[in-house]
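Features as listed in TrEMBL:
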- Cys90, Asp92, His150, Cys153: Zn(2+) binding site (BINDING)
Amino acid sequence: MSTFAVRARGSSSIVASLGTPKQQPSSARPRLIRNAPVFAAATTTVVGMDHIQRLQSGFDKFKTEVYDKKPELFEPLKDGQAPRYMVFACSDSRCCPSVTLGLQPGEAFTVRNIAAMVPPYDKTKYTGIGSAIEYAVCALKVEVLTVIGHSRCGGIKALLSMKDGAPDNFHFVEDWVRIGFQAKKKVLTNHGSVPFDDQCTLLEKEAVNVSPLNLLTYPWVKEGVAAGTLKLVGGHYDFVNGVFSVWEK
């Protein structure tokens with residue numbers, strides 16, 4: 001495992017944790033959990049500015065400070081995209097891969113979901129993820145499939161907290177994070193005596209290692225890896241200590 005620095009080529013969520021809501025009837029909608037943020041995030045929102053104004057002002061700043069100043073980057077993108085990377089990252093609002101890795105527009109085809117998990121090939125159950133992988137590999141010809149976990153991940157905490165036989169508290173969350181069940185089993189087997197928070201940290205990285213194995217169940221990914229045209233990479237972003245680690249699978 002090593003520290004990773006991204007090089008631009010060519011033209012260049014869950015706030016705290018998922019928590020455990022009060023048990024709801026199976027037909028009821030789970031109540032929204034409002035957790036206090038782990039850290040107070042800096043904001044550029046002007047007092048009195050509403051949500052729509054915040055989005056518009058954010059774009060206006062991007063337009064004048066980035067878009068208008070980099071025509072050599074944005075003009076070619078008007079004709080199409082040719083990203084080198086496909087990145088799977090968590091939906092957590094603290095972990096934006098374009099920001100943390102310095103990825104430029106057009107450089108990475110990105111999928112974000114809870115805990116940055118990649119499910120195995122299934123034409124009926126995970127078509128949203130499957131179609132993204134198929135398009136990225138077969139149409140866009142990406143070269144690197146990268147899965148990035150992160151510190152203090154609510155999805156990982158939910159996975160580790162699940163008890164066998166216990167009813168689900170959410171309509172979708174538990175079923176989704178079960179994708180990482182084998183990683184959870186490995187962590188509990190090898191590190192069952194360490195504190196829960198330490199197990200979460202271990203599982204954040206071990207769950208990443210499940211996704212490359214699942215990626216190989218997609219025929220076009222397996223063919224690309226065998227042919228040497230695709231690489232599978234795992235990563236972990238520790239925003240508590242400001243560290244990014246990367247490893248090839």
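Cβ from N, Cα, C; glycine included.
One residue stands out among the binding-site residues Cys90, Cys153 for having the most other Cβ atoms within 10 Å of its Cβ: Cys153. A simple way to gauge crowding: the CB of Asp92 (Zn(2+) binding site) has 23 other CB atoms within 10 angstroms, across all the protein chains here. Under 8 Å, Cβ to Cβ, and six or more positions away along its own chain, His150 (Zn(2+) binding site) finds Ala89, Cys90, Asp92, Arg94, Cys95, Ala116, Glu204, His236, Tyr237, Asp238, Phe239.
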